[in-house]
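Written out below as structure tokens is the structure these notes cover.
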Amino acid sequence: CILQTRLQAGQGYGNTFNCVLTVYRNESVAGFFKGMSFPLASIAVYSSVVFGVFSNTQRLLSQLRHGDPSRTPELADMALASTVAGFVSVAIGTPVDLVKIRLQMQTQPYIEVPGFPVYRGPIHCFRTVLQKEGIAGIYRGAGAMLLRDVPGYCFYFIPYTFFCGWITPDGCISPNPSSIWLAGGVAGAVSWGIATPMDVVKTRLQADGVYLNKYKGTLDCILQSYQNEGLKVFFRGITVNTVRGFPVSSAMFLGYELSLKAMKRDQTETNP
């Protein structure tokens, strides 16, 4: 969301409440939705691919190890499946995040200003970055996103699996919706809390270039951010990330599990 982007890459916002007030005063309610059309249009595909890659990788590993794709996966299998999902998420998500962040960091409306990139919307932003910076520009921040998403998804899927199993009553074949909702929310909050430091670095790298080029790469961004603002800079936006992570992840896991149940029920009815 725009609060996370402004807190992590912007200047002078202080805290979350001050950021909310500043955005509202300067850009009205519409400012909170800046840059969101591209992510909203792609979130269904993005989530489906990531969850599908995780699930199918687990099944493949269970098949290779034990000859049974439906066997409960081991911790190592879940970690490897989460890692694969993290790599895939970077390939799909980096351009989407870049466009979102570039639009959110553009605080003035579209005006032709010589020497400054200005974007009319997501498609214009994507085309402009591609023309000026090439494919490397579209995938700017991919290294930081990889360092965010690989551990992030490990601390997303693994805690969900264990917590969901822990709160599901004994004797139940599958978790009930309330258990899925709670476990998914906790997993989302934990994952985003752990991923926030590298999320700050990724956001700064992708915002870099809207007005000037400040960072040479991931390591340079980490060093400059630490030298100028101290260790606390890597936890900017952690409150927004964790609070947002709970309901978003609850909805995602609930949709995922209910979809799996529906598909299994249809498959059983088709092949009795």
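Cβ atoms here come from the backbone N, Cα and C positions, even for glycine.
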If TrEMBL is the reference, give me the range from 36-54, 150-168 marked as transmembrane segment.
36-54
Just give the helix, strand and coil counts over the repeat 'Solcar' (175-262), going by DSSP.
73 helix, 0 strand, 15 coil
The answer for the transmembrane segment (36-54), taking Cβ pairs under 8 Å and residues 6+ beyond its ends, is 1-2, 81-82, 84-85, 88-89, 92-93, 96-97, 99-100, 103, 121-122, 126, 153, 157, 252, 256
In this predicted model, the repeat 'Solcar' (73-166) has a mean pLDDT of 87
